[in-house]
Amino acid sequence: MPKNSKVVKRELDDEVIESVKDLLSNEDSADDAFKKSELIVDVQEEKDIDVEEESEVEDERPAWNSKLQYILAQVGFSVGLGNVWRFPYLCQKNGGGAYLLPYLILLLVIGIPLFFLELSVGQRIRRGSIGVWNYISPKLGGIGFASCVVCFFVALYYNVIIGWSLFYFSQSFQQPLPWDQCPLVKNASHTFVEPECEKSSATTYYWYREALNISSSISESGGLNWKMTVCLLAAWVVVCLAMIKGIQSSGKLEMMLEPKVWREAATQVFFALGLGFGGVIAFSSYNKRDNNCHFDAVLVSFINFFTSVLATLVVFAVLGFKANVINEKCIAENSKMIVKFLRMGNISQDIIPHHINLSAVTTEDYHLVYDIIQKVKEEEFPALHLNSCQIEDELNKAVQGTGLAFIAFTEAMTHFPASPFWSVMFFLMLVNLGLGSMFGTIEGIITPVVDTFKVRKEILTVICCLLAFCIGLIFVQRSGNYFVTMFDDYSATLPLLIVVILENIAVSFVYGIDKFMEDLKDMLGFAPNRYYYYMWKYISPLMLLSLLIASVVNMGLSPPGYNAWIEDKASEEFLSYPTWGMVVCILLMVLAILPVPAVFVIRRCNLIDNSSGNLASVTYKRGRVLKEPVNLEGDDASLIHGKIPSEMSSPNFGKNIYRKQSGSPTLDTAPNGRYGIGYLMADMPDMPESDL
């Protein structure tokens, strides 16, 4: 477990005493009894109570053992499966290297500023997403709950992908690899190749039939796939044990002008850094308050970017190798067909150049022969069914997600020397990448709930993982892959965009960007560059709103559906969701964002009485002590001048500051005397007596 922060004893703030003295000196001179009163401040008792409160807070809050441990946790959360199978696909699809420029621009405009914002609020307030946004603006406290809901939805299907990786990892310890060749089917008379595999490929067949045993549509459940059920259980056990242990475990330049390229780049930046999930806030809440989170934001963002670029280079190299092998195989097969046509007389031997040997033909010679035959046999050529075998055609087959990891990469590895070794390494990498992101996602659920409801982390973790496994059984049915697609498309994209937009608005406009910049200066010891001021207040909100509108329009124009595997055709076919499927898609988006308006209405209309936990201030009127609730949304909610919820004094009022009149017994203790007078009243020196 990470060690706890040391308790630091603090002296009674001089401003507390001075503000009380100033207040007493300005009281009505006609009140003789009040003028004879004497302020008694039990400094030692104040310090003891303060130390006790501070000790209780610090003992509850673990901390990182080192800065390196924290950076690795943040990098592990941000660098995930998307860096391996999403970023390379977007590069290939949107012009290769030309895609990097819009990505970098959007990283600077959206990614780093918002990542810095989440790190800052988490580190300063030292609470999870629920506590942070409750503190910034109680009416917008639903932002934290919405983050938890989205995290839970994503965790449900993300761990299924880890389960798939575990299955392939376990099957990689054999030679040859089980997806190397199509299986043979025997009957009474003869043996033949499995038709479904023969029509597709060995790796495609193994993925859809052997691993997933997939049904033909989302409406056909087909029952549980016991192999994937066991792998899903193993994945949740690993996540549960790790979380209980603690936070320690954790080319074509004209394409740049197309809006679609920028929208996809912005979406990738957005999800690559894990913005809106709450994991960034949760991890940073375990930092010391003077940690340089600006440096962390820039470092983690660029580590994520360069990791994506490195992964892209590796992916392109592997896919290039695969394309070259497949192209050589294509040339060999088509050369045999040409030799067969020559023997049958369909093609004259005279048209074939004499220097070309079709039994060992090179790529250039084959293309030459192909072009000659195409010109000579112009009308009869389609009937020959010859393939041009262009390597560019194979390279242009852009694949992403499971198609890249479990089909394209597995096929490439069958051509590697010592293929089981590379298969083990590849799927071990996928498991580690997935678990790193999974830890951050679960932390985005556990930390806010533990901070808010004060439940035991171990019990909550077990309950959360057990519940997620039970719900996750829908993903290990034979139709489970289609539900993964549904959740991936509808449970996170729009809700997370809305969450991050509200986060930006809450800090920049509700809390106040000027006040937030002052808080950062106090916390970091230096003023952040004004660049962030303009990003947070103007540029980032506009860019996020544009991205939200573009995503809604794209979702409206794209028919909601999924790619189903049709066994008879041995190919994918796009199918629309049934009516109940459409309802589920809508519910996923509504449920994810529902906490935001729900909490706003509840707190706006005071439907729930939560006054027992409110901070109270003290004002004096004619010598009497009055208790008034503090408006946490006003200027007094400053992260500097106010106290964070964890440092507020207990509702059981102490006796460190009280009045004693000569010849009279001690009066009632002033509620929340220290923070009410010393911090809040000191900021209102010109308040008229009528208000006091």
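Using the three backbone atoms N, Cα and C, a Cβ is placed for every residue, glycine included.
Counting only same-chain residues 6+ beyond the ends of the transmembrane segment (100-121), those with a CB under 8 A from a CB of the stretch are 91, 132, 136, 256, 261-262, 265-266, 268-270, 272-273, 275, 280-281, 284, 293-294, 296-298, 300-301, 305, 309, 500, 503-504, 507, 516, 519-520, 523, 528, 532, 535-536, 539-540, 543-544, 547. For 100-121 (among others), the entry in TrEMBL reads transmembrane segment.
Among the features that TrEMBL reports, transmembrane segment is placed at 142-169 (among others).
Sequence annotations record features per position, and here TrEMBL assigns transmembrane segment to 224-244 (among others). Only residues 6 or more beyond the boundaries of the transmembrane segment (224-244), in the same chain, are considered here, and those with a CB under 8 A from a CB of the stretch are 159-160, 162-164, 166-167, 170, 211-213, 250, 435, 438-439, 442-443, 446, 457-458, 461-462, 465-466, 468-469, 472-473, 475-478, 480.
Per TrEMBL, transmembrane segment is recorded for 265-286 (among others).
Taken from TrEMBL, the feature transmembrane segment covers 298-319 (among others). Residues 71, 74-75, 78-79, 83-85, 87-88, 91-92, 100, 103-104, 107, 111-112, 115-116, 272-273, 395, 404, 408-409, 412 of the same chain, all 6+ positions outside the transmembrane segment (298-319), place their C-beta atoms under 8 angstroms from a C-beta of that stretch.
The transmembrane segment annotation in TrEMBL covers 424-446 (among others).
Positions annotated as transmembrane segment by TrEMBL: 458-476 (among others). For the transmembrane segment (458-476), the residues of the chain that approach it from at least six positions outside its boundaries are 152, 155-157, 159-160, 163, 224-225, 228-229, 232-233, 236-237, 239-240, 243-244, 442, 445-446, 449-450, 483-484, judged by C-beta separation under 8 angstroms.
Among the features that TrEMBL reports, transmembrane segment is placed at 496-513 (among others). Long-range contacts of the transmembrane segment (496-513) within the same chain: residues 114, 117-118, 121, 133, 136-137, 140, 143, 146-147, 150, 270-271, 275-277, 533, 536-537, 540-541, 544-545, 547-548, 551, 593, 596, 633, 635, 637, each at least 6 residues beyond the stretch ends and with a Cβ under 8 Å from a Cβ of the stretch.
Proximity of distant same-chain residues to the transmembrane segment (534-557), defined by a Cβ-Cβ separation under 8 Å and at least 6 residues beyond the stretch ends, is recorded for 106, 109-110, 113-114, 117, 259, 263, 266-267, 270, 493-494, 497-498, 500-501, 504-505, 507-509, 513, 516. Taken from TrEMBL, the feature transmembrane segment covers 534-557 (among others).
According to TrEMBL, the transmembrane segment annotation covers 577-602 (among others). Long-range contacts of the transmembrane segment (577-602) within its own chain (CB-CB distance under 8 A, at least 6 residues past either end) are made by residues 139-143, 145-146, 149-150, 153, 218-219, 486-487, 489-492, 494-495, 498-499, 502, 560-562, 608.
Counting only same-chain residues 6+ beyond the ends of the transmembrane segment (424-446), those with a CB under 8 A from a CB of the stretch are 73-81, 83-84, 128-129, 147-148, 151-152, 154-155, 158-159, 161-162, 165-166, 168-169, 172-173, 238-239, 242-243, 247, 249-250, 274, 277-283, 405, 409, 413, 457, 460-461, 464-465. Using a Cβ-Cβ cut-off under 8 Å and counting only residues 6 or more beyond its ends in the same chain, the transmembrane segment (265-286) has close neighbours at 2, 61-64, 70, 73-74, 77-78, 82-83, 86-87, 90, 94, 99, 102-103, 106-107, 110-111, 114-115, 118-123, 125-129, 132, 144, 147-148, 150-151, 154, 247, 250, 293, 296, 300-301, 304, 308, 437, 440-441, 443-448, 451, 492-493, 496-497, 499-500, 503, 543, 547, 551.
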